[in-house]
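Quick look at what TrEMBL annotates:
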ACT_SITE  S189  active site, nucleophile
BINDING   H29, H138, E375, Y414  Zn(2+) binding site
DOMAIN    4-443  domain 'Neutral/alkaline non-lysosomal ceramidase N-terminal'
DOMAIN    445-612  domain 'Neutral/alkaline non-lysosomal ceramidase C-terminal'
Amino acid sequence: TGEAEVLNRLQSKYGSLYRRDNVILSGTHTHSGPAGYFQYTVFVVASEGFSNRTFQHMVTGILKSIDIAHTNMKPGKIFINKGNVDGVQINRSPYSYLQNPQSERARYSSNTDKEMVVLKMVDLNGDDLGLISWFAIHPVSMNNSNHLVNSDNVGYASYLLEQEKNKGYLPGQGPFVAAFASSNLGDVSPNILGPRCINTGESCDNADSTCPIGGSNMCIAMGPGQDMFDSTQIIGRAMYQRAKELYASASQEVTGPLASAHQWVDMTNVTVWLNSTHTAKTCKPALGYSFAAGTIDGVGGLNFTQGKTEGDPFWDTIRDQILGKPSEEIKECHKPKPILLHTGELSKPHPWHPNIVDVQIITLGSLAITAIPGEFTTMSGRRLREAVQAEFASHGMQNMTVVISGLCNVYTHYITTYEEYQAQRYEAASTIYGPHTLSAYIQLFRNLAKAIATDTVANLSRGPEPPFFQQLIVPLIANIVDRAPTGRTFGDVLQPAKPEYRVGEVVEVIFVGANPKNSAQNQTHQTFLTVEKYEATSTSWQTVCNDASWETRFYWHKGLLGLSNATVEWHIPDTAQPGIYRIRYFGHNRKQDILKPAVILSFEGTSPTFEVVTT
């Protein structure tokens, strides 16, 4: 996995400074990113093969960010603050949540966790360095009709805060870093208008998320905006606003020693103590029927329904024919989940799901960050936080703040409570190690907390090392040679901008393009596009936007036989100054001469100028 590769390269560069126990790789999380970099078969199938280009690019990018952080390290202080963010989330599986005991639910005012935890980092002069915030929300404001790479609501929050703190810098540049990290977001949606039947407009907030006409495919939750871009901005802005307030007013300093503990665990074989006399076991991984249903944030499209506790002969037969029958043992272990894919028994060409999983805690004074390898539901997160806090307290570390940091190190889908598991909605069907998954994690994390509190981390077993697969599934999409139309060359303008625009309008320029994936291999350019303004005083062009700017969009349109177009859009913001502008496109084309290896060449294209005028 990427994690193993990152740790290997860190070791060769920094020796024993950065290790598996003190490095957490945590996904900020988006559903609109490049795919094909995770080695387990289930994920690779969805992206039509493993892409080594994407994998290498991700690993290099992660390492580069660590290098920059390492180089810029300086003494400083950390402050912690907490506060609620209202009006940005709903529980997308409320019927599952209701399965939890009434006495437990009565202790909480909401079926989602509204608290945001912010760590503020400053240097010894008190100057801003950055922040990390944890908050439980799914980054699915962009729905599954989106084909643009996009960092979603948490990414937009991060973008706004960084743009504000890094005045005069382009997005992705500048010293201040704002990270919006994942928490127990398993059943939490930002699509706050709730699930409606898109054909009739009526609510489909029911246990199965189905509509009277059209079934589950019609039941979709909407965000608060006019469209998904607008919803992303509304939700992201609310998170940015709250993080900014909590950052500004943070006064409680985090002091004390730093400690960390990490283990690898075979999650298919954990004995869970239910009480002092009874045990249960985790299972080999499997996905249930409702996994294929998807959620109200993105339906599966095959008309599977959430909340299925019975299999279907039609799909069972197809599965048995293609993949073989699941064993009685795995079927028994996962009950009441009807198994759609018995991934733990499928190993061709590679294991379909991870067996070996990371569990890890880092403590900083009275703060404990629990690195969770998946997506905990609201109540799962509450149970784990409480158990870990109690474990610390019982060994003399009182009043620890326990943060759930989700999607860390390796991905294992969802983790519901035992009670939620019985309802078998999407999150439960995706709880791959069976009904006792959460209890197993609680037991494992208590063990880590105890080791830190009693200073016995050295005695923890490392656990079984995860496998590293060499020959991964080759991408089903071949790398073909890029071609330009006769008489044209890459980066030529096919359709220029209009001569003049007003604020609020959209500039569109079409260029002769090449596959954007080539840019992952040859990184001559740092961006696919720029919007540049002419400065008369210095007679030079000033870059005002790049491809990470919220107001630009880059579309790639693939034609036949290696021909393609690239369209760059600039949605002119209210803040744009009047003047002369141009748009530039930066790409890479794949060229292959007969009997020679393919090469990737960089090119660029520049549009004719246009004017932005005030109304």
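Every residue gets a Cβ built from N, Cα and C, even glycine.
All TrEMBL annotations are machine predictions without curation.
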Quick check for the class: what is the C-alpha distance, in angstrom and rounded, between H138 (Zn(2+) binding site) and S189 (active site, nucleophile)? 5
By a simple count, how many Cβ atoms lie within 10 Å of the Cβ of Y414 (Zn(2+) binding site), its own Cβ left out? 24
I need the CA-to-CA distance for H29 (Zn(2+) binding site) versus the residue listed as 'active site, nucleophile', whole Å please. 13
Cβ within 8 Å of the Zn(2+) site centroid (H29, H138, E375, Y414 excluded): which residues? S182, L185, G186, G374, G406, L407
Looking only at Cβ atoms, how many others are within 10 Å of the one on H138 (Zn(2+) binding site)? 24
Output the one of H29, S189, E375 that, of all these recorded positions, has the highest number of other Cβ atoms within 10 Å of its Cβ. E375
S189 (active site, nucleophile) sits from E375 (Zn(2+) binding site) (Cα to Cα, rounded, in Å) at a distance of 13
Rounded Cα distance in angstrom between Y414 (Zn(2+) binding site) and the residue listed as 'active site, nucleophile' is 14
